[in-house]
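What Swiss-Prot lists as signal peptide is 1-21, and the listing cites sequence analysis. Per Swiss-Prot, N-linked glycosylation site is recorded for Asn26, Asn81, Asn87, and the stated evidence type is sequence analysis. According to Swiss-Prot, the feature region 'Disordered' maps to 75-125. Sequence annotations record features per position, and here Swiss-Prot assigns compositional bias 'Polar residues' to 75-86. Marked as region 'Responsible for anticoagulant activity' by Swiss-Prot on the basis of experimental evidence: 91-125. Under the heading compositional bias 'Basic residues', Swiss-Prot lists 101-118.
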Amino acid sequence: MGLTGTMLVLVSLAFFGSAAAHNCQNGTRPASEQDREGCDYYCWNAETKSWDQFFFGNGEKCFYNSGDHGTCQNGECHLTNNSGGPNETDDYTPAPTEKPKQKKKKTKKTKKPKRKSKKDQEKNL
């Protein structure tokens, strides 16, 4: 095995060793990630010199720092408690409201024609 082969083995061991040290694989929650909110976490990839994203398994309990709790499903934390905001289980039917009370309309009395005064009656005769 030449120098290239040896380097490949060492790099592979370093990569797998760093991933194994953090137990980085989809579907698991490493002990180092117990306080991680949501359903994903990142592990350093020494080979690519970047962070790789991993996801907790379906059914894994998840939480947000706001205090909301849920269950992981396809890499997303689906909330199981109601925080007061909308979520996929909320029904968007508005709360019933009372019908405003209508004021009773006063019935208008028909005005009787004014009676002519005695003076006016005498003039017309």
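Using the three backbone atoms N, Cα and C, a Cβ is placed for every residue, glycine included.
Since we're looking at a predicted model, the values are computed, not measured.
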Rounded mean pLDDT for the residues that make up the region 'Responsible for anticoagulant activity' (91-125): 65
Asn26 (N-linked glycosylation site): tally of other CB atoms within 10 A of its CB: 11
